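Engineer: Please find one structure pasted underneath; my questions will follow.
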């Protein structure tokens with residue numbers, strides 16, 4: 001039996017070359033009591049970078065997982081920052097140590113806005129899925145989901161004094177929500193286009209809104225206290241709000257009766273700019289209003305396939321393969337391809353205008369610009385003997401160039417590098433890609449007519465034509481032994497050909513979008529492909545197998561480079577980032593890779609599925625905050641396994657008791673069957689606690705079938721009696737009672753259990769409340785004692801008073817210096 005082929009795994013190592021992405025906002029933060037306005041947080045792909053704007057240095061990295069950052073919001077106390085992601089998740093990081101201990105998952109698409117309340121205890125998030133979710137940060141769970149908008153949420157504002165919420169959306173509506181009743185009581189329809197920004201002025205008595213048109217609208221807010229009278233029944237209040245909502249739905253022209261507040265248009269301000277509003281902000285005293293306007297710059301090229309990371313200013317940067325720091329940045333034309341000259345002292349660029357530019361890396365200066373092609377220069381390749389290059393362009397020609405050293409006219413003494421045109425190969429179609437065979441015997445040319453032509457290098461005579469792709473071949477490469485050629489096309493397929501007869505060995509569906517780059521690993525028949533589907537894949541050209549998928553980029557992957565020993569890969573993407581991948585010693589088992597891909601597909605299907613529905617409840621404006629994920633499904637399965645184990649141990653216990661009773665003996669449960677108590681406490685308690693940390697406890701219990709609920713209620717009763725995890729048990733108990741109320745109340749066997757739970761929970765909750773009250777009173781007493789002795793204030797007031805004393809002392813010192 002022969003040895004099986006072993007593949008080694010590549011893993012992500014570093015992300016560099018990116019300062020911040022365009023999707024996320026920026027936010028000023030405070031680090032360890034530092035100066036305000038000095039540190040700024042920006043989204044950088046899946047990470048968050050904290051920059052010192054004075055020193056232009058990166059001081060902290062908040063590491064994400066795999067989804068791109070879309071929104072940032074610091075907490076009111078400045079200790080934490082909430083980060084929203086492309087997949088709809090939210091994570092809260094500590095700015096003291098950079099760790100994340102709280103995460104929420106409730107949205108189906110990217111988080112578009114995040115807002116804290118004044119105390120920092122609640123978090124409200126809006127998403128492109130049109131939903132608004134209110135989260136409880138202290139209990140690490142979702143409170144409810146507010147539905148009503150028809151397009152992405154753009155802004156959220158809190159009215160702290162009235163416990164109200166204002167939301168704006170791309171559906172041109174501004175909605176007012178009462179968080180006490182979780183209902184929308186007012187919808188503003190005075191905008192003709194998408195509402196992008198809002199801000200409150202004059203102590204929450206005026207609202208300014210900005211939309212896609214050039215008008216900033218001002219609205220006066222007047223609160224009607226009669227609408228929220230003290231002692232008014234909650235049912236009457238909800239009925240009133242529902243009546244208002246029905247009036248809004250019947251006709252927009254008819255002004256409904258105001259119950260809580262009135263919001264009428266007071267005027268407008270016309271902007272000079274015609275671009276849409278991005279955001280509206282005010283200073284601390286609300287005297288200055290700043291309007292951020294969007295300006296777009298589009299850069300488009302044929303096939304969209306530049307082979308180098310190019311900024312809008314057309315710059316090329318060089319990095320070190322050890323510190324990942326940029327060592328040189330050089331301004332250039334729109335670059336489409338590049339390569340290092342042997343010796344790594346110069347770099348050659350091919351531009352969209354058809355020019356060849358040579359740069360010196362030591363000085364960063366442009367040595368020479370040569371007109372090479374009449375159209376875009378799409379591809380260039382270094383000859384295997386390292387004496388020249390070959391280029392292919394949109395003018396239907398392939399040109400050969402030799403390296404030469406000539407005298408520098410500026411210095412007169414030194415010599416500089418140049419390229420000399422030697423031969424030209426005229427073709428019938430635009431040239432998209434050119435490659436030498438490693439033995440320099442053949443030249444492969446990809447044409448716009450979807451074919452690849454093979455020519456002899458010495459005589460330029462035609463040798464083979466490779467046809468079979470339905471769309472143009474955008475990339476190709478030849479193996480180290482010049483035996484195989486692999487081609488990647490815009491038709492999303494990879495074809496492997498033999499260079500002896502030009503026969504197609506295998507055609508494989510490789511990516512979900514155009515394949516932009518392909519390269520063999522040196523001295524192997526393994527190769528990597530990069531595509532517009534944001535993925536990098538590894539393949540075996542001998543066994544025609546997919547080995548591994550590298551995911552991490554958030555936009556199209558344009559190109560990649562493999563180190564000579566194959567241990568490192570560097571990839572560049574349209575997300576403005578460069579990523580370093582390292583080869584480990586961990587072997588890859590293909591069956592496990594396929595299983596992981598199936599699990600990822602299952603997780604995506606869950607994310608696109610329906611939201612969890614509570615039985616017996618109709619869909620309205622308020623719904624549960626959680627969503628069904630692979631974690632919640634696995635957690636529910638673990639709970640069921642624990643309950644089944646409890647059933648088995650309980651049956652064994654009953655059998656033991658019956659046997660002891662028949663023999664006339666007395667059984668010692670704790671001695672003979674300790675596993676019953678062990679699994680009863682350890683398995684169920686720890687599993688539920690683990691689920692609770694995922695903030696998806698309610699969704700996991702909602703997935704749990706009802707036949708497991710009676711046993712779970714009996715376990716809850718035992719937990720409460722022993723005082724174990726009383727708060728967690730009460731949360732689970734109340735949710736199960738609300739979800740399965742009809743089935744539980746109709747089951748006569750559960751009446752005694754419910755009655756015991758009622759008695760035990762009330763007594764235990766009272767005990768916990770008394771303990772918390774006693775501890776709180778004791779801490780307050782100790783605080784007063786220490787403050788009276790040392791004359792200092794604890795907690796929030798301590799820092800403010802200390803800073804105030806420092807400012808006063810500085811003023812006195814300045815006054816003394818002025819007098820002297």
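Residue numbers in this text run from 1 along the chain shown.
The backbone N, Cα and C atoms fix where each Cβ goes, and this holds for glycine too.
What TrEMBL says about a protein is an automatic prediction, not a curated fact.
In case it's useful when we look at the structure, here is the feature table from TrEMBL:
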- 104-137: repeat 'WD' (REPEAT)
- 146-187: repeat 'WD' (REPEAT)
- 188-222: repeat 'WD' (REPEAT)
- 370-404: repeat 'WD' (REPEAT)
- 466-507: repeat 'WD' (REPEAT)
- 508-549: repeat 'WD' (REPEAT)
- 550-582: repeat 'WD' (REPEAT)
- 603-626: region 'Disordered' (REGION)
- 636-666: coiled coil (COILED)
- 695-784: domain 'Small-subunit processome Utp12' (DOMAIN)
Engineer: Reported in the order helix, strand, coil, what are the DSSP residue counts of the repeat 'WD' (146-187)?
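Structural biologist: Breakdown, helix to coil: 0 helix, 24 strand, 18 coil.
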Engineer: Determine which residues of the chain contact the repeat 'WD' (466-507) at the Cβ level, with the cut-off under 8 Å and only residues 6 or more beyond its ends counted.
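Structural biologist: Long-range Cβ neighbours of the repeat 'WD' (466-507): 303, 305, 432-433, 435-439, 441-442, 444, 446-454, 513-520, 522-525, 527, 529, 531, 539, 541, 544.
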Engineer: Other than its close neighbours in sequence, what residues sit by the repeat 'WD' (370-404), given a CB gap under 8 Å and a spacing of at least six beyond its ends?
Structural biologist: 301-302, 305, 307, 336-339, 341-342, 348, 350-358, 417-440, 443, 445-446
Engineer: For the repeat 'WD' (508-549), what are the DSSP-based totals of helix, strand and coil residues?
Structural biologist: 0 helix, 25 strand, 17 coil
Engineer: With DSSP helix as H/G/I and strand as E/B, how many residues of the repeat 'WD' (188-222) fall in helix, strand and coil?
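Structural biologist: DSSP composition of the repeat 'WD' (188-222): 0 helix, 22 strand, 13 coil.
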Engineer: Can you check how the pLDDT averages out over the repeat 'WD' (188-222)?
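Structural biologist: Mean per-residue confidence for the repeat 'WD' (188-222): 89 out of 100.
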Engineer: If you run through the repeat 'WD' (466-507) with DSSP, how many residues end up as helix, strand and coil?
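Structural biologist: DSSP classes over the repeat 'WD' (466-507) add up to 0 helix, 24 strand, 18 coil.
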